[in-house]
Amino acid sequence: MASTDQQGAGSCNQELVNPIISMGLQYSGILLTSHILQILLKPLGQASAIVQILAGFLMGPSGFSRIHAVENFFIHSYNSGYYEFMALIFRTIIMFLIGLEMDFPYLMRNIRPASIIACGSSLACTFFATAVTFLVFQETDSQGSSFMMALMIIITLANAASPIVVRVAADLKFGTSETGRLAISSSLIADAYSVFLLFILSEWNSTSVAKWIFFLFLYFIIVGVVIVINMYLANWLNRRNRNKKYLGNTEIFVLVAILYIAAMALEQLGFSSIIASFLIGSMFPRGGKAARTLLIKLTYPIHNFIFPIYFGNHGFRANVTKLKNLRNFMVFSILILSSIGGKIVGTLAACFHLKIPYREGVLLAFMMNLKGHVDMLALTIGLMNDLVLSQNFYDVMIATIIVNTLIWGPIVAYMVRRESDMIGYRQIYFESHNPDTELRILACVHSPRPVATMLGLVAASRGPREVPLTPYLMHLVELPGKKKTNLMYNQREEDELSDEDDYGGNDVVEINDAVDIFTSETGLLVHQIKAVSPFSRMHADVCNTAEDIRASIIILPFHKHQRIDGKLENGKQGIRTTNQKVLRHAPCSVAILIDQGLTAGSLNPSGSDSLQYIAILFFGGPDDREALGFSKRLGMDHHINLTIIRFLPSSSRGKIAGINIAQKTDDVLMEISNDEVEKEADSAVLADFHSRYVVTGQVGYVEKVVENGAETASALRDMAEMYSLFIVGKDGRGHSILTTGMSDWEECPELGKVGDFLASPEFDISGSVLVVQQYRPSKNDEDDDDKQ
C-alpha cells in the first residue's frame, strides 16, 4: 500500500514537472508579476519593457528562485528546448508587428543619419569588444575559440534591442518625435549588423564561401517571395471581404502561417528570422482590411501577453549570484563599462558629424545601449553549440545584458522627463511654419458623411510630393449609456452583446472603404484610430491623441450636416459640445470643417486637369494668420487656384499691403497698443507671403475695401458661387469695423463672426468652409490648473 502511494505521489510530481506545465507556470508567474509591477511603477514613469524584464529578474535565480522550493518548481534543465522554441515564435511575431507599425517612409528618408548613428555606435562597440576579449577569455577560464567569444561579445555590446527601444519610446510618449523615430530606426540598423554577425557565428564551421553566398541568395529569395505573396493575397482578401469590417480569423491565420513558414525555413538554413520578419511586416500592403485587421488582432495580445513573457524570460535567465566571484564581477564591470563607453563614444561622434544637439545625442546613446534581443540569441547559439566552453562566461554575459538594461531604462525615463523641452510636444504656429517640413494632421469624423471632404482637404494639404505628410483619421464613436435590464447575460439579444470593436456599426465599413479608395488613388497612407467614449469625455480623447501623435492641427467636423436640398441640418448636440471643448483645450491649432459637398476627388482630382478655386478670407489677427499659414501647402498643388482676399477698411484705400517700417530713434519712446502690434504682425506675414507666393504667380491676391460689416457680408455673398472652399480664421481681429453688424445674432460662436455668417442659412453658399483657430496656450494652462 505504501509503495502504491509512493508511486502515485511520484507520478503526480512527474506530472507537475511536465515541461509544458512547468513552462506555463513560469510564464504565468512572470506575467502576473509584470502586471503587478506595472501598476506600481508606471506612475513613476517607468517603461513597460523595463518593468517586464525586472519582473523576470525577480522571478529568476536572482530573486525568488533562490528559494530552493521555488527553484525546484520553476527551473528545469529539460525545458530549455521549449523556451528557445517559444522565444523564436515570440521574436518572429514581435518583429513582424514592429515592421507593420514602422514608419517606413521616414526610415527611407532618414536612412543616412540613422545608418551613421547605428554604424558609429556599433563600430565603437566592436573596437571595445575586441580589446577586452583576451582578458574575458582568460578571467572566465574559457576553452574553445577566442574568435567565437569575440563575436559574441561584439554582438552583445553592439546590439541595440529594437523591440525594447520601440516600447520604451512608445511608453515614454516620444516615439513620434524626431529623436524617438531616429532612435528606433538606428536600433533596427544596429540589429541588422548584429544579425549579420550572428549568421557568421552560427555558420562559421561551414567554410565554403560558395555555400554562404548560396544561402544569402536563398535568404533574399524567400523574403522576396513572401513579400510578393502577401501583396497579392492581401489585395485578394480585401476584395473578397469588401462588405465586412475586418478579415476573419481563418484568413488572419493563413497570413500568420505564411510568416511562420518563411521564418522556420530561414532558421533551418542557419539564418535568424529577426530582420526577415521585420522586412515582411514593413512591406505588407498597408491600405485595406488585411493590414488593418492584423494590427487590431496582433497589438493587444503582443503588448499584454507576448511582450511581458518575452522580456520577462530574458530577465529570468539572469543570475547575478554568479557575480559573487571576484573575477566574474571584474569581467562584468569591464563589459558594462565597455558597452557604455562604446555606445556613448560612437553615438556622440556620429551626432557631432550630423550636427545633432549634444543633449539629444546623449539620449540617443542611452537608447542605443538598451539590450536583450539578438545578443540573447547569440549566447543561446554559443551555449547550445559549445562554441565557448565556459559556463562562467555565459552567466556573466547574460547578467551584463540584463543589468545593463535595468540600469539604463530608468535613466532614459529620467532623461525624457528632464529634456521635455527638447523632445516634448512642440506646438506649430502655421504663420511661421515652413511648408517643406512634415505636417501631421488629425482629422476627426463621427460618421461617414464628412470623410470624403476630410480626405480631400488632407490630399490638398500635401504640398510638394517630396514633403512628408502624415494624416490620421479618428473615428469618434459615442459610448452609449448602460441600459437597465433585468435580463441575464444569456437572455439578451445578439445585438446587445458587443465589445468595443463592434461600436460604430456599419459606419466603420463605409469609412474604411473611403480610406482604402483614397489610399489607392493618392498613394497617401491614412492612419486610422477609433475612440469610443461618451460625449462628455470625447474631447479628452481627441486632445490626448493629438499630443501622442504630435499633431500639427486638428480638423473637426461641424455639428451640422448637409441635407439633400443643400440646407444644413442640426446633428447631435454632443458633437457641438465636443468641438467647443476641443477648441478650449487643444494642444495645437484647431480647424472646424463645414462640409457642403466638397469631395476628395474635387480637391485632389487624380489624373484630372480640373481646377479648384479656394479663397482665403483675411481680416487680420492671429487666427487669420494661422489660416494663411496653413494654406501655404494648398497653393503648391497645381490642381488648386488659391486666392487671398484681404478685407481693408476704407481708411486704408490706396495703401499697398506690406510692412510700414517706421524710423526708430533712441530718444523717442512709443507705447504701441496691441492693435498696432497685431496690424504690424499682419503686414509682416502678408508681405512675406506676397513675396514668396503671390509674386511668383502661385497664389492670387485681391483686396476688398469695405466700410462696415454690412458691406463685408455683401462682398461675401457676391463671391459665394466662385469658390469651392473658403478658409478663414475664427477670431483674433477684435472689435473690427469690418465685421461689426454682419449678423444680428451669432448662432455658432465657436466659428467666429465670419465663420458663423458663412455657415448661416441666410448665406447661400456652394462651397465648404474651414474655420481655423491658432493654438491658445493660455487655455491649456487653465486646464492644467483645473486638474490640479
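Placement of Cβ uses the backbone N, Cα and C atoms for every residue, glycine included.
Where the annotation comes from TrEMBL, it is an automatic prediction and has not been curated.
The list of residues near the transmembrane segment (20-41) in space but at least 6 beyond its ends in sequence, with Cβ under 8 angstroms from a Cβ of it, reads 48, 51-52, 54-56, 58-59, 73-74, 76, 79, 82-83, 86, 305, 308-309, 312-313, 316. Annotated transmembrane segment per TrEMBL: 20-41 (among others), in sequence order.
The domain 'Cation/H+ exchanger transmembrane' feature in TrEMBL is assigned to 32-417.
Summarising the annotation, TrEMBL assigns transmembrane segment to 48-69 (among others).
If you look up TrEMBL, you'll see 81-102 (among others) marked as transmembrane segment.
For the transmembrane segment (114-137), same-chain residues at least 6 beyond its ends with a Cβ under 8 Å from one of its own Cβ atoms are 107, 146, 149-150, 153-154, 156-158, 160, 182, 185-190, 193-194, 331, 334-335, 338-339, 341-343, 345-347, 349-351, 353-354, 364-365, 368, 393, 396. Residues annotated as transmembrane segment in TrEMBL: 114-137 (among others).
Using a Cβ-Cβ cut-off under 8 Å and counting only residues 6 or more beyond its ends in the same chain, the transmembrane segment (149-170) has close neighbours at 47-50, 53, 94-95, 98, 101, 118, 121-122, 125-126, 128-130, 132-133, 136-137, 142, 180, 183-184, 186-188, 190-191, 193-194, 197-198, 200-201, 278, 307, 310-311, 335, 338-339, 342-343, 367-375, 378-379, 382, 387-388, 393, 397, 400-401, 405, 409, 412-413. The transmembrane segment annotation in TrEMBL covers 149-170 (among others).
Annotated transmembrane segment per TrEMBL: 182-201 (among others), in sequence order. Counting only same-chain residues 6+ beyond the ends of the transmembrane segment (182-201), those with a CB under 8 A from a CB of the stretch are 98, 102, 106-107, 110-111, 113-115, 117-119, 121-122, 148, 151-152, 154-155, 158-162, 165-166, 169, 175, 270-272, 274-275, 278, 363-364, 367-368, 370, 373-375, 377-378, 381-382, 387.
Annotated transmembrane segment per TrEMBL: 213-234 (among others), in sequence order.
Feature annotation from TrEMBL assigns transmembrane segment to 294-311 (among others). Within the chain carrying the transmembrane segment (294-311), a Cβ under 8 angstroms from the stretch's Cβ atoms is held by residues 27, 30-31, 34-35, 48-49, 52-53, 55-56, 86-87, 90-91, 93-94, 96-97, 100-101, 163-164, 167, 246, 252, 255, 284, 372, 501, all 6 or more beyond its ends.
Only residues 6 or more beyond the boundaries of the transmembrane segment (331-354), in the same chain, are considered here, and those with a CB under 8 A from a CB of the stretch are 113, 116-117, 119-129, 131-132, 135-136, 139-140, 153, 156-158, 160, 323, 360-362, 364-366, 368-369, 371, 396-397, 399-400, 403-404, 407. Summarising the annotation, TrEMBL assigns transmembrane segment to 331-354 (among others).
According to TrEMBL, the transmembrane segment annotation covers 396-416 (among others).
Model confidence over the domain 'Cation/H(+) antiporter central' (470-600) stands at 79, taken as the mean pLDDT rounded to a whole number. Under the heading domain 'Cation/H(+) antiporter central', TrEMBL lists 470-600.
Under the heading domain 'Cation/H(+) antiporter C-terminal', TrEMBL lists 614-776.
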Practice item. Would you kindly list the residues that approach the transmembrane segment (396-416) from elsewhere in its chain, counting only those six or more residues past its ends and only Cβ-Cβ distances under 8 Å? Key: 45-47, 49-50, 53-54, 57, 136, 140, 152-153, 156, 161, 164, 168, 172, 174, 314-315, 317-320, 322-323, 328, 331-332, 335-336, 339-340, 362-363, 366-367, 369-372, 375-376, 379, 423
